[in-house]
Amino acid sequence: MAVFNHVSFDEHEQVVFCHDKQSGLKAIIAVHNTNLGPAVGGCRMWNYQSDDEALTDVLRLSRGMTYKNALAGLTMGGGKAVIIADPKTTDREALFLAFGRFVNSLGGKYYSAEDVGVSTSDIMIASRETEFVAGLEGKSGDPSPLTALGTYLGIKAAVKHQRGVDSLKGIKVSVQGVGHVGYYLCKHLHDAGAELIVTDIHQASLDRIATEFGATVVAPQDIYTQDVDVYAPCALGATLNDTTLPLLKATIVAGCANNQLAEVRHGEKLKQMGILYAPDYVINAGGIINVSFEKNYDAAASTAKVEQIYNTLLTIFERADSENRTTGSVADEMAKAIIDAAR
Ligand SMILES: NC(=O)C1=CN([C@@H]2O[C@H](COP(=O)(O)OP(=O)(O)OC[C@H]3O[C@@H](n4cnc5c(N)ncnc54)[C@H](O)[C@@H]3O)[C@@H](O)[C@H]2O)C=CC1
Ligand SMILES: O=C(O)CCC(=O)C(=O)O
């Protein structure tokens, strides 16, 4: 398994492979860039099919955090961790204590938090071994509601830019993945009068959304072909790829998932298809913004900063149009300027 020659290696500062025999923990922590401050990003727990799949994920996710944190105006670098294990594992205490010890061993170069498969209670366990975790109960807590708020405002910005309207009433949105963030996003969209078409691989999560928000439920493979205005990817990454793009009927892609584009060229393809893409790390920054308030938590200040995502996206959309570029390349250029200036 190559690291330095890996296709997703992007001058990462440090990649740490962690193994704890007693708990069985197998994890990888990737510190991408610390120009702006200590690397901060959540921990994902997933049933990776191979170590290489886990490495690819953590390299891509940590790079995304560097760009996300920079563009959100945070004095934090980018990092991420993955734990190679079934996210439904019930015996989690030893695992997260061991994870906390590895995070601690980095001495504050990397701060961890929640991501897919990892909840606030897991991070609370890790916090018994390290101070370098965030998203704790009694402090900033679960980041998902703020990620959902930012994503909802990002959808509004995209609709405003493309159609010139402020309201989401009657707008059809397909949501792929109704977990922590997807649930709160559906609530915002439902309250705003949008029509929801949802999918997930967990029936119980779907039942809740159908009951509470009157959403139409479709099978996972059918989500791409829905006749909707907006497709909101809110599960795992790389769902915008050669197979799915030709199926899309939506004219806007705006969701909370990290690493939505399988490759950069899929951003070009979306542009050619006339589909407005809200760059993932811009629209989904609400959680990390909330986490950045961990030390002196101030809900109003956090919410106000998350609300800035709306204007940041409008700026990106307008620049992409006027310069005839993809929204992703405009966002990357803006983020890189901030990261390089801090070097
Ligand atoms: N939780 C947060 O605050 C943040 C989350 N994100 C990203 O947002 C996405 C969702 O995160 P969470 O809601 O926290 O995770 P989650 O694990 O609570 O929810 C993900 C949902 O997607 C479903 N899912 C998985 N594979 C699927 C498939 N093939 N088709 C349909 N559904 C599928 C899962 O069953 C689950 O319900 C992830 O990509 C995460 O990295 C990004 C920023 C912050
Ligand atoms: O929201 C979080 O839990 C931390 C930030 C993060 O990992 C992310 O934005 O992907």
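Note that Cβ sites are derived from N, Cα and C of the backbone, with glycine treated the same way.
According to TrEMBL, the active site, proton donor/acceptor annotation covers Lys80. The NAD(+) binding site feature in TrEMBL is assigned to Gly177, Val178, Gly179, His180, Val181, Gly182.
Taking all protein chains in view, 26 other C-beta atoms sit within 10 angstroms of the C-beta of Val178 (NAD(+) binding site).
Secondary structure from DSSP puts Val178 (NAD(+) binding site) in coil. Taking the recorded positions Lys80, His180 in turn and counting surrounding C-beta atoms within 10 angstroms, the largest count is reached at Lys80. Each residue in Ser144, Val175, Tyr183, Leu185, Asp200, Ser205, Cys234, Ala235, Cys256 lies on the same chain as Gly177, Val178, Gly179, His180, Val181, Gly182 and has a C-beta within 8 Å of the C-beta centroid of that NAD(+) site, without being one of the site residues. There are 30 other Cβ atoms within 10 Å of the Cβ belonging to Val181 (NAD(+) binding site). Between the binding-site residues Gly177, Gly179, Gly182, the minimum number of other C-beta atoms within 10 Å of a residue's C-beta occurs at Gly179.
The separation of Lys80 (active site, proton donor/acceptor) from Val181 (NAD(+) binding site), Cα to Cα, is 18 Å. Gly177, Gly179, His180, Val181 are the recorded positions among Lys80, Gly177, Gly179, His180, Val181 whose C-beta comes within less than 6 Å of an atom of ligand 1, given in sequence order. Val178 (NAD(+) binding site) sits 22 Å from the residue listed as 'active site, proton donor/acceptor', counting Cα to Cα.
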